[in-house]
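As recorded in TrEMBL, the features of this protein are as follows:
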DOMAIN    79-189  domain '3-dehydroquinate synthase N-terminal'
BINDING   82-87, 116-120, 140-141, K152, K161  NAD(+) binding site
DOMAIN    191-333  domain '3-dehydroquinate synthase C-terminal'
BINDING   E194, H257, H274  Zn(2+) binding site
Amino acid sequence: MKINDQIGAAQLTVELGDRSYPIWIGSGLIARIGRAFQLQNIPTGSPILVITDDKVGPKYLHHVVAALSDAGYQVSTHQVPSGEKSKSLRVFEDCITAALEAGCDRKSTVVALGGGVVGDLAGFVAAAYMRGVRFVQVPTTILAHDSSVGGKVAVNHPLAKNIIGAFHQPEMVLYDTSTLQSLPDRDVRSGLAEMIKHGLIWDQAFVAWCEEHAEQLLDKDEEALTYGLLQGCAIKAAVVSQDERENDLRAILNLGHTIGHALEAVAGYGELLHGEAIAIGMIGSARLAEQMGIAAEVAGYTERLMSSFGLPTAIPAQYDTEQIIAAMMHDKKFKEGRTLFVLPTAIGRVEIRRDVPIDRVRDIIEQLKGARTCQ
Ligand SMILES: NC(=O)c1ccc[n+]([C@@H]2O[C@H](COP(=O)([O-])OP(=O)(O)OC[C@H]3O[C@@H](n4cnc5c(N)ncnc54)[C@H](O)[C@@H]3O)[C@@H](O)[C@H]2O)c1
Ligand SMILES: [Zn+2]
């Protein structure tokens with residue numbers, strides 16, 4: 001692992017030629033955000049807009065503003081309501097209004113201070129404002145180790161998740177792990193689902209490590225979290241560097257997401273957290289893989305793993321199966337009459353399939369309903 005002495009943090013790089021960017025991970029990094037901006041040659045002449053939410057803002061916004069102001073930047077802020085419902089066109093428009101009122105120009109930078117919701121929303125603002133301005137991610141949730149890397153930015157439509165969006169890579173990701181200490185337990189569990197996903201698609205040894213360190217991770221032990229986040233970000237960065245625009249390989253990051261995104265849409269955004277939905281989705285994918293003869297003995301293991309992290313393992317019985325199927329048809333992964341499934345072939349290995357019969361999916365959804373759910 002590389003250490004950047006100027007920032008005093010572990011460094012990973014998303015390799016994208018002349019658009020490559022660093023991910024810096026460490027404790028107390030927000031205090032060094034001004035230095036990080038200077039290292040990335042972010043100009044001081046144009047306003048910076050920091051977008052955050054109303055849970056993260058009161059805790060960390062003043063630190064970000066103070067550190068950037070000390071480094072000579074002119075900073076404006078905009079706070080949105082916390083939660084998935086803020087990934088909407090209405091809140092997006094409010095952010096654009098804030099950028100205009102702040103006098104942001106083409107050389108301005110939009111900073112996302114928060115979890116995946118703020119990251120996806122602020123990233124889409126940065127992608128669209130004046131046809132694209134600079135963007136910086138300051139993630140404050142575990143889940144955001146995934147969402148802050150890779151440049152997918154989006155808001156939701158009531159019928160389909162992340163359906164209005166763009167690819168817009170950040171200039172840098174500045175991950176201050178000390179912010180995670182204030183994260184609520186339910187969001188800790190949700191974020192760990194994406195961390196485990198990175199192991200399940202890429203690295204069996206990392207899955208085993210997660211399993212062995214479940215207690216420390218759930219307790220927000222900083223050393224364990226930092227190691228897990230570094231591994232998760234490294235896997236994500238490796239995948240994105242090889243296939244930025246999801247022509248093929250990048251689709252593996254969608255393990256659990258075909259069912260998961262449909263569940264989020266049917267539940268009503270924010271009812272089922274993203275990590276909770278994909279935990280159920282990953283169990284569904286493992287069961288599909290077993291039923292199709294692609295893998296053996298992955299479903300029970302996946303279910304036990306999710307359970308040991310306090311994640312739900314069943315679809316709430318009141319969700320309508322046909323509505324879930326209909327939501328899958330609206331997903332970006334649905335094309336030419338078929339939807340994409342990422343199915344495990346073993347723990348740490350997956351395969352992308354477009355030949356999963358819809359009747360099998362319906363059976364799996366029915367099976368996943370009615371059993372125990374934990375929140
Ligand atoms: N762009 C991508 O590639 C990608 C990848 C994975 C997930 N996502 C998206 O990420 C979103 C979920 O992200 P999330 O789970 O981070 O949700 P989130 O941003 O809503 O954060 C979870 C909750 O924790 C609060 N919070 C955040 N940081 C905190 C802190 N340090 N202390 C206390 N409270 C804090 C937030 O206000 C919110 O209530 C979903 O919309 C999902 O679709 C995107
Ligand atoms: Zn996800």
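Glycine residues also receive a Cβ, built from the backbone N, Cα and C atoms like all the rest.
Taking the C-alpha positions, the distance from H274 (Zn(2+) binding site) to V118 (NAD(+) binding site) comes to 14 Å. Note: the CA-CA distance between T141 (NAD(+) binding site) and H257 (Zn(2+) binding site) rounds to 19 Å.
V118 (NAD(+) binding site) sits 20 Å from H257 (Zn(2+) binding site), counting Cα to Cα. The binding-site residues examined here are S82, S86, T141; by Cβ neighbour count within 10 Å, the least packed of them is S82. Put simply, E194 (Zn(2+) binding site) is 12 Å from G116 (NAD(+) binding site) when counted between their Cα atoms. In the domain '3-dehydroquinate synthase C-terminal' (191-333), helix, strand and coil residues by DSSP number 101 helix, 1 strand, 41 coil. There are 26 other Cβ atoms within 10 Å of the Cβ belonging to H257 (Zn(2+) binding site). Closest by Cα distance to H257 (Zn(2+) binding site), from the binding-site residues S82, E84, S86, K161, is K161. Apart from the site residues E194, H257, H274, the chain places the Cβ of L143, D146, A193, K197, G256, G260, G275, A277, I278, G281 no farther than 8 Å from the centroid of the site's Cβ atoms, the recorded Zn(2+) location.
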